[in-house]
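Student: Take a look at the following structure, please.
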């Protein structure tokens, strides 16, 4: 076979003839055969190739033509097995199939209509019917597990995007610092410090925290759904306050939205007026919040110890509480549970807010129907015996401070119970008429009243009586005659404990700051001045200012293990978390960037 006329690339050397050799190459069609449709001449393409071969000398007559040689012989032989019957019936040749000819490519061929797909036979079904969906065969938790996986994936990408934005913001801040200095050593220090922190944070994200990493020193508080413990991290000895919440109680008492709201506000807040949250984690039974430990105790402990405050001391603490509430409002949240128990004092004696709506109050008892019946005098719930004095029946004066403190201690025990204390809650929350940010300013007024008078304005022996007094505040608000208050102090209290339309602070915290009672107060520098009370601490784990003697020191985890052992259930570490208890808490885990760098 002569290979001198094989096609080759046009590289400017087409006039150079390749040296012939004795190697044999396979022959293939130069162009893929085109289908021939009715009315089309099959020889048109071949005539074009012949004409092109004459002018360009790229083809020869009958060279690489499959109509000659073996291709022509095989076209007239049956070299396969017997054909099988098609379920679709008989059909014509495919349009892509080259027509079999006897070398006469100019012969006209006739074909059927190949533009419409062949239809299956009416007597035979093409596909078997699809089986009916039966998710129950996979177990009752199949749908919950599907939702859990979907939520996990969604939260994973949301957290990744959020961390990327925060990292870009930190990079912008670092570049700004680099641009403010020309000192090479200073720039190198800023760069290396930022890189080290980012690396530590990435490693911190990959670690899994658990309660076994911390040693419990003492239980410093208990609420309706959990407890707060003073703990020390075993790895580095740092001291924290660990709040643990029981998942089953959160689920039963409809507190799922509240627990997530508390986590979100503490995670988003970086204010000095709000307790700092470092990390959150969970296991099969508990939710854990690792927060900063504030050794000064709470404002209720100070009221029990000092009974009443002077107007100057009251002015200081109320001014700081105003800034703390305003910081929460700027984050878009309403605290709704401002009370002395939730106002903590740090090492310097300054105020910080904590416990965002979880420990007390907002569950079945806050149903609108309950208060409708209560206002109609249909309440038949028996009174609970909390060893309280009959404050509603006695005349509160300065001379019976012992009875007032007995009431305060009983009220603290009530705060530990599932009933909670309604003394500081605004009436619009009870009546269901809708409430806004100004409901926290009502609570501020009741706290100010207690600091100056010695008891809340609507306190009573029974919580139902307290509800009645709050709702009918116009008739029950009373200032004792034997206690002299300044004109500005009483005016501020009355401007806060009033209907929501006229309440001071409805337009913002600046309305309260500009009141005459705070004349001369520099709100911007409050945390830089010395507080009226500074805790005297002997160590980093000193709990002198917490009522630990009144709190049962048996933690909830120990009680849960004992209950499960009595039932013969698996240990908490070996339990598999059910979708009902895991699905609502997906995305609860949080790790602050500066957790390991304080």
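Easy rule for this one: first residue shown is 1, then count along the chain.
Placement of Cβ uses the backbone N, Cα and C atoms for every residue, glycine included.
Quantities reported herein were computed from a predicted structural model and do not represent experimental measurements.
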Student: Using Swiss-Prot as the reference, determine which range in 163-190, 191-218 is annotated region 'Disordered'.
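Tutor: Feature region 'Disordered' in Swiss-Prot: residues 163-190.
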Student: Ranges 1-46, 231-276: which does Swiss-Prot label region 'Disordered'?
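Tutor: The range carrying the region 'Disordered' annotation in Swiss-Prot is 1-46.
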Student: Residue counts in helix (H, G, I), strand (E, B) and coil for the region 'Disordered' (163-190), per DSSP?
Tutor: 24 helix, 0 strand, 4 coil
Student: Max CA to CA distance in Å over the ATP-binding set 220, 221, 222, 223, 224, 225, 226, 227, 228, 243?
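Tutor: Farthest-apart Cα atoms in 220, 221, 222, 223, 224, 225, 226, 227, 228, 243 are separated by 15 Å.
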Student: When a 10 Å sphere is centred on the Cβ of residue 222 (ATP binding site), how many other Cβ atoms does it contain?
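Tutor: There are 20 such Cβ atoms around residue 222 (ATP binding site).
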Student: I want to check the contact list for residue 228 (ATP binding site): same chain, sequence separation of six or more, C-beta distance under 8 angstroms. What comes out?
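Tutor: Once residues fewer than 6 apart are set aside, residue 228 (ATP binding site) is near 219, 220, 221, 222, 241, 242, 243, 244.
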